[in-house]
Structures are given as C-alpha cells and as structure tokens.
Amino acid sequence: MEEEIVDGKVDWRGRRAVRHKHGGMKVSLLVLGAFAFENMATMSLAVNLVSYFTGIMHYELADAANMVTNYAGVSYMLSIVVAVLADTLIGRYKSVIFSCLFEGLGLTLLTIQAHSPSLKPAICNLFDKNAVCEKIKGSHEAFLFIGLYLLAIGSAGLKASLPPHGADQFDERNPKEARQMSSFFNGLLLAICVGGSVSLTFNVWIQDSKGWDWGFGISTIAIVCATVIFAFGLPLYRIHIAQRTNSLIEILQVYIAAIRNRNLPLPADSEELYEIEQDKEAAIEIEFLHHRDIFRFLDKAAIERKSNDVKSEKQDIPSPWKLCRVTQVENAKIILSMTPIFCCTIIMTLCLAQLQTFSVQQGFTMDTRIAKHFNIPPASLPIIPVAFLLILIPFYDQICVPLLRKLTGIPTGVTHLQRIGVGLVLSSISMAIAAIIEVKRKNVARDNNMLDAVPGVQPLPLSIFWLSFQYFVFGIADMFTYVGLLEFFYSEAPKGLKATSTCFLWCSMAIGYFLSTIMVQLVNRATKNITASGGWLAGNNINRNHLNLFYLLLSLLSLVNFFVYLIVSKRYKYRPQSPAVKSVDSP
C-alpha cells in the first residue's frame with residue numbers, strides 16, 4: 001500500500017509526514033490532555049488570585065482585581081509574540097515545551113513565596129477596622145511579580161502553540177479530517193472544562209483549606225504532567241515547519257505598497273494585477289487566491305509600474321515593499337475584514353473579568369453551605385457551568401452538529417459567525433442576571449442589618465447558588481463565542497498565519513482584561529462624588545458598593561455591541577473554502 005504524504009508537514013526527524021501514521025484524531029487527544037492539565041494548573045488562579053492578593057498580600061479589593069486582569073491581559077497579549085516566534089523561528093512543538101518550562105518555573109517561585117513567612121506580610125485581619133495591615137512591598141513584591149509574570153509568559157506560549165499544533169494534526173483539504181478538526185476545536189473547550197472542573201473544586205479547596213503553598217504546588221505538578229503527556233506524542237505528531245518569512249510583515253508590505261502606488265489608476269481587468277506564474281515554482285508549496293472585489297484600494301499594491309514610471313526597477317525581481325502578489329493582497333483583505341469581528345468580541349471578555357473577580361467576592365458574603373458539614377468555596381462557583389458544559393459539548397458536537405449539518409449543508413452545522421453571535425447576546429443576558437442577583441443580595445444584607453458583616457465569618461442568609469444563574473448563562477456563551485472564534489480565526493486566516501490567527505482570540509481577551517482595569521478605574525472616578533461609598537466599586541466592603549449598577553452598565557454595553565456585531569457580520573464575506581494550492585515535487 002502506497003503511503004499518502006501530507007503536504008506541508010514533517011515528522012520529528014524532518015521527514016515528510018504520512019497520513020494514518022502521523023497526526024489524526026487519536027494523536028490530537030494528547031494535545032487535548034496536555035491542555036486539560038494546563039487548565040487544571042491555572043483556572044483556579046484566574047478565579048481565586050484576588051483572594052490571595054487581598055487576604056495574604058493585603059492589597060485592596062479594586063487593586064487586587066486589577067492585578068488579576070492585568071496579569072491575564074499580559075498573558076493573552078504575549079501569546080501573539082510567542083505565536084510569531086513559533087511560526088517563524090522555533091516551531092510550535094518547541095514553543096510548547098519552552099512554555100511549559102516557563103510556567104513551571106513561575107509556579108515554583110509562587111509556591112516558595114507562599115510557603116516562606118519571610119517572603120510575605122505578617123498575617124492580619126483586613127476586616128478589623130483597628131488593624132494595621134502591611135501590604136507586600138519591595139523585594140518581596142518583586143518576587144511575587146517575577147513568579148506571576150513567568151507564569152503569564154508560559155501560559156501565553158501554551159495558548160499560542162497548543163491549539164494550532166493540535167489543528168496541525170488534521171488536513172483541512174481532506175473532507176474527513178476537516179470535520180475532525182471541527183470536533184477538535186469543540187474538544188478544546190471540553191479539555192478546558194475537564195481540567196477546569198478539577199481546578200475549580202480540588203485546587204480551590206486546597207488553596208482555601210490547606211494553604212496557598214499547597215495550592216501552587218498542585219498547579220506545579222499539573223503543568224509537569226502536561227509537559228510529559230505532550231512530549232510523549234513526539235514520534236506521532238505532524239509537525240509544522242517554521243516559515244522563513246513572516247506573514248505579518250507580508251501584510252504590512254501590502255499597505256506600504258498600496259500607499260506608494262496610491263496615485264496609480266486601478267486596472268479595469270483584475271488579470272492585469274501582479275501574480276507569480278505557478279509553473280516557475282519548484283519544490284515548494286505556494287498558496288494562490290483568486291481576486292475579490294472588496295477593499296479595492298489595497299489592489300494598488302499589486303499594480304505593476306510600467307518601465308517609464310520607474311527608471312530602474314527590475315521587473316523579474318520586484319521589491320515586495322513596492323509590488324505585491326494578488327494572493328498577498330487578498331490575505332491582507334482577509335485580515336482587514338476580520339478586524340471588525342475581532343473588535344466586537346472584546347467586550348465579552350470585559351464581562352468575563354467581572355465573573356472572575358467581583359462575583360467571587362460576592363460569594364464570600366453569602367451562605368456557602370451545600371450540606372450540613374460541607375461548604376462550597378466561592379471561587380468554585382464556575383464549576384456549575386463547567387459541569388453543564390461537560391454534558392453539553394459532546395451533545396452539541398455529536399448530535400446537534402450532524403442534525404444541523406443535514407439542515408443547513410454547512411460542515412460545522414452553523415456558520416462561525418452565527419455561533420459567535422449567539423454567545424454575544426447570551427453574555428449581555430448574563431450581566432443583566434448578575435445585576436438582578438446583586439440587587440437581591442444587597443437587599444438581604446440591608447434587611448438583616450448586615451451591611452458591615454465580615455465576609456466568610458458572618459454569611460448572609462442567602463445561598464451562594466443564586467450566583468450560579470449568571471455563571472450558567474455565561475458558560476453557554478463561552479461555548480458558542482470562544483470556540484466559534486477560535487475556529488473562525490483558524491479557518492479564515494491566511495495559510496502563513498494559522499498559528500498567529502488563533503491568538504487573535506487571546507488578543508481579544510487581553511484587550512478585554514485591560515479594558516476591565518481601565519473601566520473599573522473610570523467608573524470609580526466618575527462616581528466618586530455621587531456615592532456615599534466613594535465610587536461604585538470603591539473600598540473592600542462590597543455590601544456598600546454599587547456593583548449592581550456596574551453589571552447593568554456592562555449588560556447595556558454588551559447589547560449595543562451585539563447590534564453592531566449583527567451589522568459587521570452581515571457584511572463579512574467568507575474566504576474561498578478551497579484555495580488553489582500548487583505543489584511541485586522536488587526533482
């Protein structure tokens with residue numbers, strides 16, 4: 001039986017990858033397993049670090065919330081840098097290994113600091129008005145930030161490299177593997193949920209009950225397990241070859257060339273635009289895209305100057321900063337047309353940031369009892385939508401998608417943009433629910449004369465499960481929007497930007513987290529003189545704050561954002577599903 005070569009991929013020894021021997025669904029399970037362990041290591045930190053920063057390091061609540069969102073924002077933003085390095089220099093497999101080492105080192109430093117009394121402030125009750133609690137500072141604070149941001153770098157690298165490396169195990173030009181790749185992206189969210197369910201229960205319980213040194217230690221062990229599982233698949237992987245050229249630079253060249261040629265008239269026939277001849281290429285795989293009549297101003301980058309326009313320009317080797325291929329221009333058009341979609345998803349992360357910070361602090365004021373002798377940690381609340389998604393994701397992928405595929409004829413059941421839109425409207429509903437629940441919580445505190453009750457010591461006579469409604473709705477929104485975005489960016493992006501494109505999602509989330517920090521500060525400044533608490537979100541007493549108004553503001557902003565999304569998504573034109581690819585065997 002003749003071996004079927006997979007174009008553009010090699011094995012770990014640099015030989016051409018063979019279908020049925022390298023890659024495929026079974027091999028991608030190792031990637032999903034590693035992703036599950038990575039989320040087991042980090043998800044509990046995303047929802048519980050505010051408690052660590054306030055209770056152990058003695059930061060104020062707003063400062064602690066901003067530290068968490070800044071950390072998350074930096075992590076997501078750095079994923080773009082790591083993705084470019086993975087695409088152009090070190091490759092995705094090595095990028096994953098290096099990132100695991102950084103994340104493991106960061107968690108080790110945080111474990112050491114949490115265990116050593118000499119590296120953190122003395123124990124103090126923040127809710128005792130007469131207590132003078134010393135905040136961490138100096139070299140100890142520097143130690144904290146070094147560990148935290150080594151963790152951010154490692155987490156960024158894994159987010160940038162693991163999903164595209166998993167997608168590399170499939171050939172999107174093969175119909176069967178294209179459907180499997182769609183299931184893989186759903187599996188990514190399932191892996192997040194599996195790892196997250198352990199992290200949000202076991203890890204959070206360890207952090208709150210046994211101490212943060214044990215909590216960080218468990219996370220360190222989890223990232224070691226992720227590294228071992230991922231490395232185990234080395235002989236079986238289809239490995240992407242790092243490109244010699246940077247596709248982001250090629251996109252920039254289109255804009256520079258278009259500006260330089262801005263005074264040239266556009267030809268009536270698009271065939272007059274510059275493109276290399278396919279029969280001149282040898283031993284390499286080149287992507288060719290057909291011209292589309294959108295963003296015509298970029299077409300000027302592909303206009304060939306006549307000999308009398310330029311005194312000495314070699315026509316056979318044009319400068320890429322003066323003349324670009326049609327395919328190169330079309331790739332730039334794709335990125336430009338994706339930008340409005342990208343922008344419309346930022347506000348959803350702004351909402352997510354509040355569920356990871358302020359909603360957890362709400363939970364600390366409420367009755368956390370499940371049974372007579374068991375209390376649920378507030379940071380474990382996201383386990384409710386996670387548990388639901390553990391059932392919903394397989395149901396959606398194995399039952400709903402095939403049924404929708406028969407009705408719509410679309411391989412993924414619904415279009416990527418439709419899936420994203422469902423999530424955006426659900427995020428607005430989630431924030432509206434959060435505002436209503438917060439009004440109820442504050443009314444209970446006021447009616448029972450417990451506005452100044454100490455969280456965790458004097459719980460309100462209101463079950464913490466009231467918060468589950470907002471988490472539940474937002475969890476479903478996660479499944480639709482974030483997975484839809486990941487698949488949308490990977491499917492629509494130019495061939496040379498497949499890895500970097502998946503980071504557009506993380507970049508969107510990074511901007512959302514940074515905006516959360518800015519918005520909290522702006523809201524506090526704007527409401528400083530009109531509220532008795534000194535701002536909607538000022539101080540550590542959440543019962544005296546106006547979190548309900550902040551949630552309502554986010555709900556309204558999300559609703560406006562959804563209507564803007566409807567407009568831009570309706571105008572979006574999907575790229576050709578089967579781009580022409582010329583592959584010539586080496587002599």
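Every residue gets a Cβ built from N, Cα and C, even glycine.
Straight from TrEMBL, the features:
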TRANSMEM  29-51  transmembrane segment
TRANSMEM  71-89  transmembrane segment
TRANSMEM  183-202  transmembrane segment
TRANSMEM  214-237  transmembrane segment
TRANSMEM  334-356  transmembrane segment
TRANSMEM  376-396  transmembrane segment
TRANSMEM  417-437  transmembrane segment
TRANSMEM  469-490  transmembrane segment
TRANSMEM  502-523  transmembrane segment
TRANSMEM  549-568  transmembrane segment
Chain residues outside the transmembrane segment (214-237) and at least six past its termini with a C-beta under 8 angstroms from it: 11-12, 22-23, 27, 30-31, 33-38, 40-42, 44-45, 48, 93, 96-97, 100-101, 103-104, 107-108, 110-111, 114, 154, 158, 162, 165, 168-169, 195, 199, 202-204, 206-207
Paired segments the transmembrane segment (417-437) and the transmembrane segment (469-490) in contact, 3+ CB pairs under 8 A: yes
Dominant neighbour of the transmembrane segment (334-356) in 71-89, 469-490, 549-568, by Cβ pairs under 8 Å: 549-568
Leading contact stretch, 71-89, 469-490, 549-568 vs the transmembrane segment (376-396) - CB distance under 8 Å: 469-490
Long-range neighbours of the transmembrane segment (469-490), counting only residues six or more past its ends (CB under 8 A): 163-164, 167, 182, 185-186, 188-189, 338, 341, 345, 348, 351-352, 355, 359, 381-382, 384-386, 388-389, 392-393, 396, 412, 416-417, 419-420, 422-424, 426-427, 429-431, 433-434, 437, 498, 501-502, 504-505, 508
Beyond the flanks of the transmembrane segment (71-89) by at least 6 residues, Cβ under 8 Å: 46, 49, 95, 99, 148-149, 151-153, 155-157, 159-161, 164, 242-248, 353, 356, 496-497, 499-500, 502-503, 506-507, 509-514, 517
